[in-house]
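Everything on this sheet refers to the single structure shown next.
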Amino acid sequence: MNIKILKILVGGLFFLSLNAHLWGKQDNSFLGIGERAYKSGNYSKAASYFKKACNDGVSEGCTQLGIIYENGQGTRIDYKKALEYYKTACQADDREGCFGLGGLYDEGLGTAQNYQEAIDAYAKACVLKHPESCYNLGIIYDRKIKGNAAQAVTYYQKSCNFDMAKGCYILGTAYEKGFLEVKQSNHKAVIYYLKACRLNEGQACRALGSLFENGDAGLDEDFEVAFDYLQKACALNNSGGCASLGSMYMLGRYVKKDPQKAFNYFKQACDMGSAVSCSRMGFMYSQGDTVSKDLRKALDNYERGCDMGDEVGCFALAGMYYNMKDKENAIMIYDKGCKLGMKQACENLTKLRGY
């Protein structure tokens, strides 16, 4: 889950922000010794010294203990102990402790799920300028407690102000689509997408590419700018960016036609979960113009696309099964393509069923 992954990263890097070196001298406080033990992977020793620090009123030690117990580092996972230590740290105004506490209430770990308690903890951390907590408040008001769109926008904005790329991206999407009760504005969408893309949010770079490609950014169409943003999106492992580049090279749209480059981008996108790109690879293998003709690979890639919800992939896959005299699988896959909204799949399904 995203919150837990984020906390593991926080745990791994936490000591870096707490380094208490002075004039090159080693920090021999309980916290300092604990940090060095944690860094070296000696979690039992780290926990021992973090506990001493926590007992001495050093809130960072309490937070680090919470992280250790939550993630089961050198000990079994114990969410109740994690909750206890996060709560102690948060009461001492430690923002990471409040963030950890909010996460446990948010997820219902070690306690009953309680959005109000999560909100209280995240809100305190947000006031203490913790970007992820502001963002998580936005998520709660946006997706978990309905009817709070204005609050969601407020906290997404705070997270964006603290350079949380995902918060900026969501605001960009809200303004582009008119979500969260904001007035639709491509101009504002571009502003938020630009910041998110600068902060290496691939989805935002992809969105910018689309806006500039289609001339929807309040500016004239600018294919060079669109191409640059799509390249950045792809480099940031955004499947949509890679898929769009593949389409450009396949069709020779705004760039010199290059089927091999198209195939390479489709493969990248497919491996990142782009259903359409998997289906396009299937087509290229079935034709054999760019890569060696390989019907087995064509079938496999159509199947990947279909499994991920691409109706064209399902239609092509069903056709291959039909040509292989496998009527049962052809019917099953045409049925799936039909349910995904492909009219021709519905027509073929009716013919095969004989009614």
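In case you wondered, yes, glycine gets a Cβ from its N, Cα and C as well.
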According to Swiss-Prot, which residue among Cys62, Cys98 is joined to Cys90 by a disulfide bond?
Cys98
Can you break down the repeat 'TPR 3' (98-131) into helix, strand and coil residue counts using DSSP?
24 helix, 0 strand, 10 coil
So if I exclude everything within five residues of the ends of the repeat 'TPR 3' (98-131), which remaining residues of that chain have a CB under 8 angstroms from its CBs? That is, six or more out.
1, 3-4, 7, 10, 63, 66-67, 70, 78-83, 86-87, 89-90, 137, 140, 144-145, 155, 158-159, 162-164, 167
If you draw a 10 Å sphere around the Cβ of Cys168 (disulfide bond), how many other Cβ atoms fall inside it, taking every protein chain shown into account?
27
Between Cys160 (disulfide bond) and Cys134 (disulfide bond), find the distance joining the two CA atoms and give it rounded to the nearest Å.
9
Cα distance (Å, whole number) from Cys62 (disulfide bond) to Cys278 (disulfide bond):
48
How does the repeat 'TPR 5' (202-240) divide up by DSSP, counting helix, then strand, then coil residues?
28 helix, 0 strand, 11 coil
Rounded to a whole number, how many Å is the Cα of Cys346 (disulfide bond) away from the Cα of Cys314 (disulfide bond)?
11
